Amino acid sequence: MSWAGTSALIANTVFQVLYGRMSDLFGRRNVFMSALALLTISDLLCGLSQNATMLYIFRGLAGVANGGITSLAMMIVSDVVTLKERGKYQGILGACVGLGNMIGPFIAAAFVEHSTWRGLFWVASPLAAVCGVVCFFTLPKPKLTSKPDYRALCSKIDYWGIVTASAGINLILIPVSGGGSYFAWDSPMIIAMLAVGGCCLLAFLFVEYRVALLPMMPLSLFTSAPICVMLFQHFFFGLVYYSQIYYLPLFFQNALRMSPILSAALALPIPCAQMIASIISGQYISRLERYGEVIWSGFFLWTLGVGLTCMFDSSTSIATIAIVLVIQGVGVGFVFQPTLVALQAHCTKAQRAVVISNRNFLRSLGGAAGLAISAAVLQNSLKKALPPEFASLAMSTYATPDFDALQASPQQIQAILYTYVHASRSVFIVNVPFIGVCLLGCLLIKDRGLQHPHEVPSGVKAEDQSENRVLPGEKEGAANDTPGRAAAEDSRSSPA
């Protein structure tokens with residue numbers, strides 16, 4: 001079960017980096033609508049799954065769709081507003097993410113306690129369908145002057161990059177997730193998977209540098225120190241964020257013996273504070289045209305909040321937990337979308353889609369790695385400290401112990417709870433240096449404001465300022481350049 005959370009993130013991660021180039025080739029609207037359709041179908045099939053294999057396959061497809069929706073929503077917002085106004089609208093978008101994180105756990109907990117897990121997918125599928133219908137009628141269609149050559153566009157897709165990245169990510173994360181619990185760290189299988197996975201990632205870098213016509217991850221992005229630092233910040237951002245989101249509610253259930261719904265309620269301060277802080281930071285950036293101090297303070301508060309969670313135990317008061325989680329939520333809200341605005345301020349317009357997709361890719365990759373590392377830390381801690389007769393509890397890090405089924409004595413229950421408290425604390429301690437690295441990375445980021453030399457003035461209409469050059473033949477005010485050629489030139493150029 002510890003692989004369940006990581007598997008969906010892997011599918012999300014592998015394909016998310018591809019969406020930037022796909023939207024450049026086939027258009028934001030077309031790719032976004034396709035992702036919504038895939039999510040609708042895959043969620044429905046998840047609810048109809050008859051065995052674990054079917055569920056994992058369809059969850060993987062849903063992860064592929066989620067990756068596109070996440071990236072393309074940000075790309076579309078960036079296309080239709082200027083850099084100066086982007087902070088405000090990206091802040092609203094971040095608030096919507098916080099609202100979803102606030103409502104989602106309650107819906108999931110209600111289905112777990114009072115219905116079936118299938119019902120969650122049966123609700124998600126029609127919601128995705130409704131979003132698809134709304135977007136079909138509201139997103140503008142591109143104006144074409146000639147019929148696009150889809151065969152030529154498909155030939156530009158980075159197939160070798162997809163294969164090598166998928167293989168490398170899977171072969172690295174599987175042993176990291178299962179090492180020390182399902183497999184011994186020095187077992188031949190673990191060593192072989194890590195070695196082959198590392199070789200696949202090296203092959204991926206070679207493909208992106210020399211082989212791919214339109215690389216999913218142009219290595220030229222990393223020649224700019226601020227962009228390089230911010231991209232790696234998002235890797236550690238995802239690592240800590242997903243670990244905290246997954247393991248804080250489990251700590252409440254295992255250490256404080258709360259129900260799933262009460263655990264979701266106690267975790268509410270993070271998304272609530274994130275939603276409010278995201279709106280405030282967006283307004284601040286748009287009005288003052290500065291983002292440096294927002295990002296600095298965000299990472300500082302987040303580091304402080306994660307550090308304070310290391311003090312949690314079974315006697316910690318609800319008020320103390322709520323205050324610490326509010327600090328974390330404000331920190332997340334101050335960095336989630338403002339870092340995206342900062343990235344766009346340091347890159348050219350032509351690089352925007354690729355930067356957004358790679359930013360989300362690295363954040364999701366960090367999330368998958370964070371869940372795998374956290375699962376390994378928790379499992380190994382439980383395995384070492386649990387009484388021998390209850391060692392089987394360490395096999396699942398996403399489930400709470402059923403004390404009635406265990407038939408444990410009160411003393412044994414207290415020993416198990418004590419073990420869960422200290423194992424969870426180990427997870428929180430591991431997260432502190434990772435988020436601390438993000439804070440230190442701010443030293444290398446210069447606030448260059450929101451005055452981009454190539455930005456469209458604020459008074460230009462949204463439909464005129466969108467540079468979503470998505471298909472050959474689409475009307476453009478500048479040179480008659482096809483998206484494939486523009487993207488190819490961009491992949492060889494250096495960031496501004």
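Numbering starts at 1 and runs along the chain as it is shown here.
Placement of Cβ uses the backbone N, Cα and C atoms for every residue, glycine included.
Under the heading compositional bias 'Basic and acidic residues', TrEMBL lists 454-478 (among others).
What TrEMBL records for 487-496 (among others) is compositional bias 'Basic and acidic residues'.
Residues annotated as domain 'Major facilitator superfamily (MFS) profile' in TrEMBL: 1-450.
Residues or ranges marked as region 'Disordered' by TrEMBL: 454-496.
The transmembrane segment annotation in TrEMBL covers 56-77 (among others).
Within the chain carrying the transmembrane segment (89-108), a Cβ under 8 angstroms from the stretch's Cβ atoms is held by residues 73-74, 77-78, 81, 120, 123, 245, 249, 260-261, 263-265, 267-268, 270-272, 274-276, 278-283, 285, 329, 333, 336-338, 340-341, all 6 or more beyond its ends. Feature annotation from TrEMBL assigns transmembrane segment to 89-108 (among others).
What TrEMBL lists as transmembrane segment is 120-139 (among others).
The feature transmembrane segment is assigned by TrEMBL to 159-183 (among others).
Marked as transmembrane segment by TrEMBL: 189-207 (among others).
Residues or ranges marked as transmembrane segment by TrEMBL: 219-241 (among others). Counting only same-chain residues 6+ beyond the ends of the transmembrane segment (219-241), those with a CB under 8 A from a CB of the stretch are 205, 208-209, 302, 306, 332, 335, 339, 342-343, 346-347, 351, 354-355, 358-360, 362-370, 373, 431, 434-435, 437-438, 441, 444-446, 491-496.
Below 8 angstroms of C-beta separation, residues 87-92, 94-95, 97-102, 105-106, 108-110, 113, 244-245, 248-250, 252-253, 294, 298, 318, 321-322, 325-334, 336-338 of the same chain, each at least six residues beyond the ends of the transmembrane segment (261-282), sit close to that stretch. Residues or ranges marked as transmembrane segment in TrEMBL: 261-282 (among others).
Here the transmembrane segment (294-312) has long-range neighbours at 240, 244, 248, 251, 255, 277, 281, 284-285, 321, 324-325, 327-335, 338-339, 342, 421, 424-425, 428-429, 431-432, 435-436, 438-439, 442, 445, meaning same-chain residues at least 6 beyond its ends whose C-beta is under 8 angstroms from one of its own. If you look up TrEMBL, you'll see 294-312 (among others) marked as transmembrane segment.
The transmembrane segment annotation in TrEMBL covers 318-340 (among others). Sequence-distant contacts of the transmembrane segment (318-340), counting only residues of its own chain at least 6 positions beyond either end whose CB sits under 8 Å from a CB of the stretch, comprise 74, 87, 90-91, 93-94, 97-98, 230, 233-234, 237, 241, 244, 248, 266-267, 269-278, 280-282, 285, 291, 294-295, 297-306, 308-309, 312, 356, 359, 438.
Annotation source TrEMBL lists transmembrane segment at 361-378 (among others).
Annotation source TrEMBL lists transmembrane segment at 427-445 (among others). Sequence-distant contacts of the transmembrane segment (427-445), counting only residues of its own chain at least 6 positions beyond either end whose CB sits under 8 Å from a CB of the stretch, comprise 225-226, 229-230, 232-233, 236-237, 239-240, 243-244, 247, 292, 295-296, 299-300, 302-303, 306-307, 309-310, 312, 335, 342, 370, 373-374, 377-378.
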Quick test of the contact rule: Cβ under 8 Å, at least six residues beyond the ends. What residues does that give for the transmembrane segment (56-77)? 4, 7-16, 19-20, 22-23, 28, 31-32, 34-36, 38-39, 41-43, 45-46, 49, 86, 89-90, 93, 139, 340, 352-353, 356-357, 360-361, 364, 468
Average the pLDDT scores across the domain 'Major facilitator superfamily (MFS) profile' (1-450) and report the rounded value. 83
